[in-house]
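Novice: Quick one: this structure, given as structure tokens, is what I'll be asking you about.
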Ligand SMILES: [Fe+2]
């Protein structure tokens, strides 16, 4: 039985080469019915693992980058050799994004915050008006994201909260924005259970967001 202790997302952003796949922190079926066990297992054990493997393979021949953390590699993308920028963007982004996503999903049995509170709660009221409004914005961005990507709640460099859709595995960190909530809308995240009903998947995931984890991003 996996530990119920969730890995802090910043622990993954602090990782340096060689990068490692964090444990899921809960059983594959822990977030059912929102996310079915088969999807959870494939998503974490194969998709997320592949981002980590591909990132390590690409950086093996770049020893000058081994001293940088995952967060630094993403935030400083334009500084790195052109040959590895796409790999860092796609696979480094994939590693960071999924590590946060697993932590944001609350196991059904866990006692976690079902609504934003504390500093993040205050910021959401200031910038969106309500929890319902930020959820609606996250859903609109998730459903409207053409093709693969993520719906993000981010904190901008000017300390404002914004919801935006980003394509592929682009991390908000690429633009110096702090990811707070991310909803994976790649088909690999939902197709086995929801097929083309992305909106239903988004509704279900929004009900399982652990707002304590989201709030920890802005402390
Ligand atoms: Fe994914």
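Every residue, even glycine, has its Cβ placed from backbone N, Cα and C.
The shown structure was predicted, so the numbers you read here are calculated from the model rather than taken from an experiment.
The annotation Mn(2+) binding site is assigned in TrEMBL to 43, 98, 184, 188. According to TrEMBL, the feature domain 'Manganese/iron superoxide dismutase N-terminal' maps to 19-105. The domain 'Manganese/iron superoxide dismutase C-terminal' annotation in TrEMBL covers 116-214.
Thinking about packing and proximity, how do these listed features fit into the structure?
Specialist: Sequence-distant contacts of residue 184 (Mn(2+) binding site), defined by Cβ-Cβ distance under 8 angstroms and a gap of at least six in the same chain, are 43, 97, 98, 101, 150. Residue 184 (Mn(2+) binding site) carries a strand DSSP state (E or B).
Per-residue pLDDT, averaged along the domain 'Manganese/iron superoxide dismutase C-terminal' (116-214), amounts to 97 for this model.
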Novice: An 8 Å radius from the center of the 43, 98, 184, 188 Cβ atoms defines the neighbourhood of the Mn(2+) site; name the other residues of that chain inside it, in order.
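Specialist: Checked against the 8 Å cutoff, the neighbours are 44, 47, 48, 101, 186, 189.
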Novice: What number of additional C-beta atoms lies within 10 angstroms of the C-beta atom of residue 43 (Mn(2+) binding site)?
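Specialist: Taking all protein chains shown, residue 43 (Mn(2+) binding site) has 23 Cβ neighbours within 10 Å.
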Novice: Where DSSP helix means H, G or I and strand means E or B, what are the helix, strand and coil counts for the domain 'Manganese/iron superoxide dismutase C-terminal' (116-214)?
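Specialist: Counting residues per DSSP class in the domain 'Manganese/iron superoxide dismutase C-terminal' (116-214), I get 48 helix, 22 strand, 29 coil.
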Novice: Around residue 188 (Mn(2+) binding site), which residues of its chain at least 6 apart sit with Cβ under 8 Å of its Cβ?
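Specialist: Listed in sequence order, they are 39, 42, 43, 47.
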